[in-house]
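S.K.: The following block contains the structure, expressed as structure tokens.
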Ligand SMILES: Nc1ncnc2c1ncn2[C@@H]1O[C@H](COP(=O)(O)OP(=O)(O)OP(=O)(O)O)[C@@H](O)[C@H]1O
């Protein structure tokens, strides 16, 4: 019998037993007729995630913030986005941050999660200690509104990679498998485990985002607008799931646009923001009595969430009064006893026990001294494997690249047909070198300029949630692009080298290929810099616009090489392309016999003269060394 069915049986036995009478295979999908969070549903869901909680133990987290302000400044004005708001989010509770559009909900979440740090004032404490971002980032997960999933990976593959990166050596392979399966079962994704992420529905994608972040069992999870774009059923499933996660001792904070009345009742705590001020903080059932205190009577037929948002948005006076009454978040309306309708009680810890567990956890973290759960080498290997898998499955892109290389090679070869050994047209052969340079430059700059901005959005989530370091990511990215670059580049170069009739000597050809690949690697590094700083639209303007002057500088001096002015030489030394062009022309002309002359007189029969006159002066070995060093430096900078 295979291991997986055994594991599955062990984990979900109880769940399936519960589901049998209702014939409901997914513990979180409530019956269509079941419009409430019933004891049965809670019991079904509560029987899951046991392995995760047992194996990846984490301390509960209370987060307290006092007088948090956020100001943005432009050259024209300073804008106060958050006005000294206070509040507290506790473990075992599901909190909803409500407010009209532009109230500052995402800003508050960004600040609490540590995503925004500049321009922030106030105090944030975690379990009574000042927030230490190094520890806090390992304990928290932030699921952003526009989170993208890694394409071309199945649900199971994505989860396994997340487990390898986030759990490291903390757990063995079998335990990770168990956790992955348990989470997928709980989130109702097990039956879609072999579906690629790009084929998942909106609700399933959101659940996968949550599943990926759950792998290391973070005790605090922030979600920005997790329900955007989902239908009513998916929204309900997701909120029910979040409630289950909070019931197991986690602190879950999410912003939600207009929850329905039944959905609103699933939240333990509500935090209302308006114009950067806190207008209410406390238990969801106490919101309506609070509104009554400020003269805003919510009709019994009205959804309290809609009512409060409408009130604070349309009535600034009421909003100010509410803010004053709750002291901008300092006062929290609490239920005497946290009661759940028919469900299990949340795991609530005493403040003293939380303090003790947390201090122990910090001591353990400080002993480990590791910023990420895995070493650089492990991150590099896992990421390289993931990138190889993705590029292998992206067959259309590979075909396009292959056709691009072959067609361009045949075109270039036809233009420069058999010019390689003809002393009558030496400058034409030099132009051949420039054409090869331009091909590698544009091809390998434009790929990252167009594709990397999308990748950056995925990278942002994974890096922020401490999956891996940037060095490991860029090393894996460069390494994983090498095979395609070398293979297709070689194909291109074989075609153009033969068609243009260059001298057939192995060492010459190898040096020519080596220089061309170095140009490609440097150009890719340049493209990554542009792609990480600009979106695809701006990048496709900035990329070529930046590289064009470098191209001009690299070709300067053609025909009057020995007379290039010193200031121009200095400027030219800034262009990595110049070193590339020197390398290519040296590969073709250095130490070779005189070129064939089919006319009475050929000025450039001696290849040394060509090198001199096109500005590739004869200090050949020095140029080569500088070129390689500069290429290395440029590539490092791009890291
Ligand atoms: N970095 C920034 N620079 C300038 N203005 C900002 C910045 N960040 C946020 N704002 C402004 O702060 C206000 C609050 O933005 P925020 O995204 O937090 O609102 P929100 O409540 O999440 O709105 P929505 O529900 O529409 O997403 C908005 O007016 C926004 O324009």
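Placed from the backbone N, Cα and C atoms, the Cβ positions cover glycine too.
TrEMBL labels come from automatic prediction, so no person has curated them.
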S.K.: Tell me which range among 509-534, 587-612, 613-638 TrEMBL lists as transmembrane segment.
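M.R.: Feature transmembrane segment in TrEMBL: residues 509-534.
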S.K.: If you count Cβ pairs under 8 Å, which stretch among 432-452, 473-497, 509-534 touches the transmembrane segment (396-420) the most?
M.R.: 473-497
S.K.: Under 8 Å between C-beta atoms and at least six residues away from its ends: which parts of the chain pack against the transmembrane segment (473-497)?
M.R.: 379-380, 383-384, 386-388, 391, 398, 401-402, 405-406, 408-410, 412-413, 416, 432, 436, 439-440, 444, 459, 463, 509, 512-513, 516-517, 520-521, 524-525, 528, 635, 638-639
S.K.: Across the whole of the domain 'ABC transporter' (63-300), what does the mean pLDDT come to? Round it, please.
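M.R.: Over the domain 'ABC transporter' (63-300), the predicted model scores a mean pLDDT of 87.
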